[in-house]
Amino acid sequence: MDSLAGLVLCGVSLLLSATVDGAMDLILINSLPLVSDAETSLTCIASGWRPHEPITIGRDFEALMNQHQDPLEVTQDATREWAKKVVWKREKASKINGAYFCEGRVRGQAIRIRTMKMRQQASFLPATLTMTVDRGDNVNISFKKVLIKEEDAVIYKNGSFIHSVPRHEVPDILEVQVPHAQPQDAGVYSARYIGGNLFTSAFTRLIVRRCEAQKWGPECNRICTACMNNGICHEDTGECICPPGFMGRTCEKACEPHTFGRTCKERCSEPEGCKSFVFCLPDPYGCSCATGWKGLQCNEACQPGYYGPDCKLRCSCTNGEKCDRFQGCLCSPGRQGLQCEKEGVPRMTPKIEDLPDHIEVNSGKFNPICKASGWPRPANEEMTLVKPDGTVLRPKDFNHTGHLSVATFTINRILPPDSGVWVCSVNTVSGMVEKPFNISVKVLPKPLNAPKVIDTGHNFAVINISSEPYFGDGPIKSKKLLYKPVNHYEAWRHIQVTNEIVTLNYLEPRTEYELCVQLVRRGEGGEGHPGPVRRFTTASIGLPPPRGLSLLPKSQTTLNLTWQPIFPSSEDDFYVEVERRSVQMNSDQQNIKVPGNLTSVLLNNLHPREQYIVRARVNTKAQGEWSEDLIAWTLSDIVPPQPENIKIFNITDSSAVISWTILDGYSISAIIIRYKVQGKNEDQHIDVKIKNATITQYQLKGLEPQTVYQVDIFAENNIGSSNPTSSHELTTLSESQAPADLGGRKMLLIAILGSAGMTCLTVLLAFLIMLQLKRANVQRRMAQAFQNVREEPAVQFNSGTLALNRKAKNNPDPTIYPVLDWNDIKFQDVIGEGNFGQVLKARIKKDGLRMDAAIKRMKEYASKDDHRDFAGELEVLCKLGHHPNIINLLGACEHRGYLYLAIEYAPHGNLLDFLRKSRVLETDPAFAIANSTASTLSSQQLLHFAADVARGMDYLSQKQFIHRDLAARNILVGENYVAKIADFGLSRGQEVYVKKTMGRLPVRWMAIESLNYSVYTTNSDVWSYGVLLWEIVSLGGTPYCGMTCAELYEKLPQGYRLEKPLNCDDEVYDLMRQCWREKPYERPSFAQILVSLNRMLEERKTYVNTTLYEKFTYAGIDCSAEEAA
């Protein structure tokens, strides 16, 4: 717990450090704090270039509740642009007494400076207006008696009584002792006679640093910089707060007389300089006179030999150097130090060099440079850059060039909102200097329209690049036309263009290309984002390649190439040309001519264990187009080598994960994992056979706790099995202790159950009779409901095969699925339920291993269409195979005519509920406020969910499956918080699917073409993915909350889209908008979406802001609308 608190304090310290560095130079000047009949004022001054909200001056009711309530007349200071002022005329002297503050805000952080005013005719006067001490100091707060009265003296803290002195014991100096001061002792202390009031009270303010002397940090264990000239060490940052008249990292550098501020740029313009001005700075400094002045009114000059704020510093100059009451010892050339006690090169105030007043940059990466001179030369940690929002940047690179210190800063992504006044700041022992400069961030240009294809041939295309109009800033320096084949994983090619019409040459025949335009503006990083993509296909020059090509090993020296029958459109003679070449030996190449009426060819006389590349084309008098390359190995002539790199990890009390690697070229068809309890007979082992050789890890489940197992791994091919690997030991963890014996309670329970046994038995028998009657009634009603149906059953089962009776000309082959035995399923809890289906958690046994599973089944009232869709889900899962981002099939079971589908169990439920549970401001407001977060999920976790779904959908699209119901409710969150796509009941295996039946539709997730024409493609899945991404960013909000489905039908074709969530970065929302383009072919593919999300994850930028900010609200949830969809 202490470590956690330390981390939290450390985070707070870092935030405060950034705030102090980036804060405005805020100073409160209290003119004549002792009020008489003269005019008095408060002036609050801020640096003009600093980013801040308007500064304010007000009464400090936290310190004194019972002061005047009248609002202050705050006006703009006529002599300074960034200053506010309150002036009291002589006639309002009676309303002045009290505590006041000046406040400014930077990046939402408030900076408040406090001061007080009191009557000069008060009965007592404080020794000082403020007093700053370290934690643990012994403090005497003293008031000087001015008027003598026969009354008790009373002392208050923050308006509450704490102490009194009998009237005959009131001393000339009234003291309040605070031993071992702590932060809670800080506050405004006041003294008066008991018969007096606020207007006869004297005030002083005690400031207690959070740390002991010369310490700072969250745990007060770091040593402060040695602050000179009565500077104060800030307990949160370790930096020196310099008194008025001094500057620099250690406050050693004296300003010119009558100047003040962090960089000594402010000046007291009155004839007598800063006389009668009390300067108040942020805590823990408090208030003091400017250097050279002392007294409560700061109207007394320092005595000879003294200098500094309140004249508390003694010169003690060496070598007869002169003492100045404003600057201290004035050292002659060659001398330095507070007392001129050191020899050396005279110190020079830093100066910022070669920094232009205005810089124009392009959005993207930006590396500004600050150069500074001075002596000693500024160091790395002494140079900073302040953004317009107050963020302080440290140098990424630093070096010395001649007499200059050069600091290079890095902004990974600068955007137009970053335009404004930036400040280069240098703070050394020789002083501090800041120079503001203006940065104008330009938006990179992007064409609004896709290029137009004017003409195409088999190897060329004529393009109108349509570079105007464009979004963003000009002028345009150059233009690029980017293009590449659609189905090839290769980089974009580009050509520079000067005219609007350009010809692309040397293209591949009968190939689909995509192209777009990129505009470049002046300046570094001026390349804009590519514009909308246009696709086109070049013409053919010959017959297309054979369709359905397949290359499989036949023997150790033979490969079998097959294809679909060829039906050419012309009557010309044709043949199939097959080219075969070896990967290992470039010289081994053969071309074979196959008669056109054949659909296969055996490639003979090959070498065992060798990889070959094969392609084919259909030739007539002209040569046809080559097919894509097919690659296959011949079968091995030797047993495979042992699996390598065996690793066992993620060991629990009942499971462990084993991984391995295998060598290519040995025709490995299966991996066998053999394990047994150490010490048992060889015939008591368990074999797990993994027939997919591409799988390289497996989780053993159903192990006994705290048991040593012996594990061997074999590889198997057409020749036989490899030798086993050297045995590996696996020791499972111990199981958690069983609950303690209930003892007497258990016996009492048995007694109660025994005495009530007959009653329970009677109730049970009655219940069973009623259940049987109800079941008979249900069966009768079901028979009546379908008595007129003469069709065959929707689903037919037969020993591990599934046949769907569809109304089609050609019934497909039955689907083969992994069979589970009914007795190997142990049902546990219901975890989900709908109108016609139910999902239960179960413990199943598969391949001898026990594991958790989710079992899906249909209810008795489900229709034939529901049963057909459910069986279709099994068919889809069988065809899809295994992928980490889809819910994978474990097996299926037919029992009494019903299908039970076993899939992976996702312990964290569906993504929609998971997102809504993360809304911690609704579920645990105290935690949300304490941690300043609106969600238990980070930006990275949310983007990982989005990337997982995109990866799974890319796999589905490659398998040419359409999901049709992609939404957060149909995404499950598995182990290690991996998102997995589920609910394939509506999936189809065609490239384009037209829905012809009515039913409940997920309208809020459907693409325009699906709503209007009931057409579903992978592109319509992309639209749904964009809505799902919106659900993730909005933490489970309802899409189009507050709108009816009828309104959606009307507004979507008019260009209306989901609004950008407040916590969403522009780049993520732009990705959503791309998914919602009206023309399906203009939407990105899932592979492109995944590339964009992976780049965002690598940049580790906060693309989804889950920080709790002021007036934060979650996106709306309308469950009734979701059900209606």
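Just so it is clear, glycine is given a Cβ too, placed from its N, Cα and C backbone atoms.
According to Swiss-Prot, the features are:
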- 1-22: signal peptide (SIGNAL)
- 23-748: topological domain 'Extracellular' (TOPO_DOM)
- Asn158: N-linked glycosylation site (CARBOHYD)
- 210-252: domain 'EGF-like 1' (DOMAIN)
- 350-440: domain 'Ig-like C2-type 2' (DOMAIN)
- 545-637: domain 'Fibronectin type-III 2' (DOMAIN)
- 770-1125: topological domain 'Cytoplasmic' (TOPO_DOM)
- Tyr861: phosphotyrosine (MOD_RES)
- Tyr993: phosphotyrosine (MOD_RES)
- Tyr1103: phosphotyrosine (MOD_RES)
- Tyr1109: phosphotyrosine (MOD_RES)
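Neighbour density around each Cβ, counted as other Cβ atoms within 10 Å, peaks among the modified residues Tyr1103, Tyr1109 at Tyr1103. Within 10 Å of the C-beta atom of Asn158 (N-linked glycosylation site) sit 16 other C-beta atoms, taking all shown protein chains into account. Long-range contacts of the domain 'EGF-like 1' (210-252) within its own chain (CB-CB distance under 8 A, at least 6 residues past either end) are made by residues 6, 9-10, 12-13, 16-17, 20-21, 27, 132, 134-137, 183, 259-264, 274, 279, 281-282, 284-285, 288-292, 308-310, 312-313, 326-328, 338, 382, 427-432. For the domain 'EGF-like 1' (210-252), the number of residues in each DSSP class (helix H, G, I; strand E, B; coil) is 0 helix, 10 strand, 33 coil. Note: the Cα of Asn158 (N-linked glycosylation site) and the Cα of Tyr1109 (phosphotyrosine) are spaced 32 Å from each other.
Along the domain 'EGF-like 1' (210-252), the predicted structure has mean pLDDT 92. DSSP gives the residue listed as 'N-linked glycosylation site' a coil state; it is part of no helix or strand. For the pair formed by Tyr1103 (phosphotyrosine) and Tyr1109 (phosphotyrosine), distance between Cα atoms is given as 16 Å, rounded to the nearest Å.
Residues in the domain 'Fibronectin type-III 2' (545-637) partition by DSSP class (helix H, G, I; strand E, B; coil) as 0 helix, 40 strand, 53 coil.
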